[in-house]
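K.L.:
According to Swiss-Prot:
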type: REGION; residues: 1-139; note: region 'DNA-binding domain 1 (DBD1)'
type: DNA_BIND; residues: 105-124; note: DNA-binding region
type: REGION; residues: 137-160; note: region 'Disordered'
type: REGION; residues: 140-172; note: region 'Linker 1'
type: REGION; residues: 173-233; note: region 'DNA-binding domain 2 (DBD2)'
type: REGION; residues: 234-267; note: region 'Linker 2'
type: DOMAIN; residues: 262-480; note: domain 'Integrase catalytic'
type: REGION; residues: 268-582; note: region 'Catalytic domain (CD)'
type: REGION; residues: 589-702; note: region 'C-terminal domain'
type: REGION; residues: 623-702; note: region 'Disordered'
Amino acid sequence: MWQINEVVLFDNDPYRILAIEDGQVVWMQISADKGVPQARAELLLMQYLDEGRLVRTDDPYVHLDLEEPSVDSVSFQKREEDYRKILPIINSKDRFDPKVRSELVEHVVQEHKVTKATVYKLLRRYWQRGQTPNALIPDYKNSGAPGERRSATGTAKIGRAREYGKGEGTKVTPEIERLFRLTIEKHLLNQKGTKTTVAYRRFVDLFAQYFPRIPQEDYPTLRQFRYFYDREYPKAQRLKSRVKAGVYKKDVRPLSSTATSQALGPGSRYEIDATIADIYLVDHHDRQKIIGRPTLYIVIDVFSRMITGFYIGFENPSYVVAMQAFVNACSDKTAICAQHDIEISSSDWPCVGLPDVLLADRGELMSHQVEALVSSFNVRVESAPPRRGDAKGIVESTFRTLQAEFKSFAPGIVEGSRIKSHGETDYRLDASLSVFEFTQIILRTILFRNNHLVMDKYDRDADFPTDLPSIPVQLWQWGMQHRTGSLRAVEQEQLRVALLPRRKVSISSFGVNLWGLYYSGSEILREGWLQRSTDIARPQHLEAAYDPVLVDTIYLFPQVGSRVFWRCNLTERSRQFKGLSFWEVWDIQAQEKHNKANAKQDELTKRRELEAFIQQTIQKANKLTPSTTEPKSTRIKQIKTNKKEAVTSERKKRAEHLKPSSSGDEAKVIPFNAVEADDQEDYSLPTYVPELFQDPPEKDES
């Protein structure tokens, strides 16, 4: 029922149970400055408990169990000395018998040369505070009112007197503290990075306005200013106030968890991010031509740290390129490795399928097409807060480790500032790798990292077997077998088209119009949408997906709200753009519009000249036309005769021009093939080319 050292409240006074002997409970009031242990019948305590006068409570000295003073400290020596004094008493089985205890106390007094009051004080301290050696630890930590402000009385400055310089200084009063606080909160607790010395000078300016009669040598010192700053403003508050909120959250705030703990297994969460690689590349065909720094996209699995997909190219980071890397992450990588002369098996890079969650930057997800991942493929998309690289800390750190593998060897590596010292060469001129070779290096690095890198700082879960090394591919394989394998199969082309950007298109007899380019396909011909008839009802408000990298093919969605698409190819009408990207097409169209606008200005000028000439000619003709009294009907009847005479006159003039200018024998024309006259070709009528009027052959495209 009762336990030794248990603390109870009796009539709201705390008591500690010291011993339980023969139905008697020995206890002692904790808060009393005097007194000795008392015995109470156990049944009486039960009665008090029933009456509600006795209740259990927490031990106010439980913290002493955790105290561990150092061996060379005064507290340790004091505890050991006091414990040795009372040890004969507390070890006696009759220690609670007043008569026996009195004799033992007398013996201690004689042996250690101390007073009875001291011995009883130590015993009382020992019993009240838990009956352990730590109960005798002195409360030095409470000395001096720690944590409490102490204000100096009087007008004299406290502390040692000034040894150097004039003046005696001044005491920091509440008014001076107010000026300290105003200066600190205005100049130090902000993101400007003001130094303490600069802020102190601003305080001096303010102090001089409030106390103009005090000489400068008696102004509060920089040391007093710093002391107040350190005392009143904790370091955590100062740090949080002096950095931007985004920087604090990203680089300073305490971390409460890890990304791995939030991932249930492989495919549970992917992170995607891009960086501009720290290397300059050259053109593959003309190595004298320096192209620039490539864009590197990485998709990584949080649980296993497997790099599941990538993109390397010169496109700027965008939604289109991010989705290209994501499609690569969901697809088999053996083909793309083979394109770069690297042979692998599917087990070397087993990351194929859709994840549960994709975490990316907000800018990379600013497209309505990302909704297709959510609605069509059930991939939850999360966006990281702006300027919060720590939200994608795993993929961010992967960029650093990936590039560290080749930075010490590769030429053209970005090195510090572009400002060159005397005699230093520009690192950009050292570039010699092409994008193909750089991709080979990155692929080899990814394969090494996925299959052989031992991650020393990987935070493992409790159920990981001890013989499982922290290597990404082995963590992936173990997670697929023993954890929730979240990857889901998907058809690569269907995923790629669903994630491409879309735009509304119009349909005419020329084909599907997208940005002035015309497309057609076998399904469109079969539907008869290109027939040149007003009776043809062509659908409106359709959308088409396009890959900005190549204009040759688009994907028309014939039904609103459906993922079914028709592949449409560029028609001959738009053949000038074949093989180009949409960015190149837009540049060409912009240049054509510019040239057209200039040509329109020339056309306007020449048209005005033409119209002026026509008007002048008409005016001249009107002046030359005499007035006549001949009836109108007669003049109209003469039109036929007049036209006949004009034709005759025209023929005579033409005949004059056809007469030979010199006499002589007529030349004989001999054909090269000496064909008969009847076999010669007749050019009196145009040549008929059947291909001009034939329909293009239908292609079975899907």
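The backbone N, Cα and C atoms fix where each Cβ goes, glycine too.
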K.L.:
How many of the residues that make up the region 'DNA-binding domain 1 (DBD1)' (1-139) does DSSP mark as helix, as strand and as coil?
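P.N.:
Per DSSP, the residues of the region 'DNA-binding domain 1 (DBD1)' (1-139) fall into 64 helix, 26 strand, 49 coil.
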K.L.:
Based on DSSP, tally up the residues of the region 'DNA-binding domain 2 (DBD2)' (173-233) by helix, strand and coil.
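P.N.:
Helix, strand, coil within the region 'DNA-binding domain 2 (DBD2)' (173-233): 43 helix, 0 strand, 18 coil.
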K.L.:
Taking only the residues in the region 'DNA-binding domain 2 (DBD2)' (173-233), give me the average pLDDT of this model.
P.N.:
90
